Amino acid sequence: MNPWINANVLKVHKWTQNLFSLILNAEIAPFQAGQFTKLALNEENINFSNNVKKKKIQRAYSFVNAPSNKNLEIYIVRILNGKLSNLLYNLKSGDNLFIKEKSFGFFTLDEIPNCKTLWMFATGTGIGPYCSILQEYKNINRFKNIILIHAVRYQNELTYLPLMKQLYKSYNGKLKIETIVSREKNHNSLYGRIPLLLQNQILEKKIGLKINRNDSHVMLCGNPAMVKDTYLFLQKDRCMQKNLRRKHGHITMENYW
């Protein structure tokens with residue numbers, strides 16, 4: 001059983017017109033960094049006719065916070081005409097919603113085999129699981145290098161860059177961070193898209209490390225097109241294989257939407 005339980009909204013942080021974070025308080029079961037949950041509201045929050053049976057509108061969202069943090073943080077993109085995301089965007093401090101008691105998913109460090117360099121690629125809100133993992137500081141000393149890469153459309157969408165910089169300092173040289181923007185040029189970020197920046201080797205040259213099957217593991221999270229294209233490139237160009245629970249590989253993936 002995995003029942004819905006109540007969550008109380010402590011804060012809604014609206015980063016842009018389309019990006020926001022919910023800070024929640026809820027008595028959920030312990031979860032692992034990198035896992036996701038489900039949030040829901042009843043359809044009665046919208047003006048439906050009385051003859052329509054009311055049900056929960058639910059969506060899956062990843063945690064940004066470390067499991068040891070008592071406040072839950074969820075990073076969300078507001079979808080045009082999206083039923084739930086627009087309702088969540090308009091919540092206020094003190095409002096309530098539903099959250100699943102138990103969390104889901106295997107996008108966790110326990111599923112990652114030992115390696116020298118762990119690459120974490122994210123687009124958009126896919127940065128969330130990595131923030132959770134890196135803030136927890138567990139099962140992470142076995143990696144010599146951790147590379148965190150966040151790709152967005154515009155520079156102002158790098159909403160968790162201050163946290164990334166704090167983590168960079170706290171890891172004392174183990175963690176490297178890089179940002180990418182695809183729809184404008186900014187001297188603080190690489191310009192382009194992840195698959196192309198791997199194909200032309202610009203990204204690896206900037207980092208100073210090369211992805212290879214002998215000492216690297218790659219985590220991909222976010223836009224399904226990025227995940228697919230990056231996976232296919234690594235599979236073909238670097239002879240890397242998908243990581244499975246029954247058979248360890250070199251690439252661990254999680255699609256958003």
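Keep in mind that glycine also has a Cβ here, set from the backbone N, Cα and C atoms.
These figures come from a predicted structure and were not determined experimentally.
Among the candidates THR117, THR123, THR125, the residue that Swiss-Prot annotates alongside ARG59, ALA60, TYR61, SER62, TYR75, LYS83, LEU84, SER85, TYR256, TRP257 as binding FAD is THR125. Among the candidates ARG193, ARG238, the one that Swiss-Prot lists alongside VAL152, ARG153, SER182, ARG183, ASN223, PRO224, ALA225, ASP229 as binding NADP(+) is ARG193.
With the fewest other Cβ atoms inside 10 Å of its Cβ, the least crowded of the binding-site residues THR125, SER182 in this structure is SER182. Proximity to VAL152 (NADP(+) binding site), defined by a C-alpha to C-alpha distance within 10 angstroms, is shown by none of the binding-site residues ARG59, TYR61, TYR75, LEU84, TRP257.
Nearest in space to TYR61 (FAD binding site), taking C-alpha to C-alpha distance over the binding-site residues SER182, ARG193, PRO224, ASP229, is PRO224. In this structure the alpha carbons, written CA, of LEU84 (FAD binding site) and PRO224 (NADP(+) binding site) are 20 Å apart. Within 10 Å of ASP229 (NADP(+) binding site), judged by CA to CA distance, lies none of the binding-site residues ARG59, TYR75, THR125, TRP257. The most crowded of the binding-site residues listed here (TYR61, TRP257) is TYR61, judged by how many other CB atoms sit within 10 Å of its own CB.
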